[in-house]
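All remarks here apply to the structure that follows.
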Amino acid sequence: MAHPSQLGFQDAASPLMEELLHFHDHALMILFLISSFVLYIIVVMISTSLTNKYVLDSQEIEIIWTVLPAVILILIALPSLRILYLMDEINDPHLTIKAVGHQWYWSYEYTDYEDLGFDSYMIPTNDLAPGQFRLLEADHRMVVPVESPVRVLISADDVLHSWAVPSLGVKMDAVPGRLNQTAFITSRPGVFYGQCSEICGANHSFMPIVVEAVPLEHFENWSSLMLEDA
């Protein structure tokens with residue numbers, strides 16, 4: 001998760017987020033090279049009074065500064081389009097979970113089970129246990145198995161919400177009357193935090209998302225206990 005004074009992204013916990021981080025570094029390096037080149041040109045123009053008449057009217061230079069930006073845009077667009085297609089790709093999910101946003105909590109339904117669902121509320125600050133995070137902990141976590149494709153169906157009951165977990169590279173709007181879907185694969189066990197990312201009212205800041213990734217055996221034990229309690 002994020003920590004104070006952090007400059008970069010959170011550590012990736014899914015293959016898709018790793019791809020997004022690689023693309024960010026790729027685009028940032030291109031941006032750094034362009035900025036350095038433009039700064040160099042500005043410094044040269046300011047610091048020298050010499051002028052080359054062949055530079056003022058040169059077909060070759062005009063061709064270069066027309067073709068080069070097009071090549072740079074292609075170098076950015078191709079990996080970007082690839083990741084966009086990967087984000088929309090949902091192949092044979094092992095588990096489907098329906099997440100519904102309310103003012104101001106989330107409810108989860110495990111649609112592959114007959115009666116497995118619960119509401120997830122933020123734990124008040126006064127009730128936090130040592131080591132828990134303020135405004136990020138929920139009384140019920142969304143538990144998923146590690147290294148298994150998980151599809152999340154997202155909707156809302158009242159106003160616009162947004163289901164977002166940065167370390168998984170997932171962000172999808174929850175719209176009343178509409179069912180959106182996204183998917184992710186957790187690459188390692190852990191607890192991953194997110195929050196509603198659409199301003200949804202007075203308590204918008206108080207509806208956290210907590211995803212806990214566990215080995216498949218532990219997930220089966222957890223689902224059995226939840227079904228017994230239900």
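Cβ from N, Cα, C; glycine included.
Since the structure is predicted, the reported quantities are computational estimates derived from the model, not experimental observations.
Residues annotated as domain 'Cytochrome oxidase subunit II transmembrane region profile' in TrEMBL: 1-91.
For the transmembrane segment (27-51), the list of distant contacts is 72, 75-76: same-chain residues at least six beyond its ends, Cβ to Cβ under 8 Å. Residues annotated as transmembrane segment in TrEMBL: 27-51 (among others).
TrEMBL lists 63-85 (among others) with the feature transmembrane segment.
The domain 'Cytochrome oxidase subunit II copper A binding' annotation in TrEMBL covers 92-225.
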What parts of the chain pack near the transmembrane segment (63-85), using Cβ distances under 8 Å and only residues at least 6 beyond its ends?
16, 19-20, 23, 26-27, 30, 34
Summarise the domain 'Cytochrome oxidase subunit II copper A binding' (92-225) as counts of helix, strand and coil residues per DSSP.
19 helix, 61 strand, 54 coil
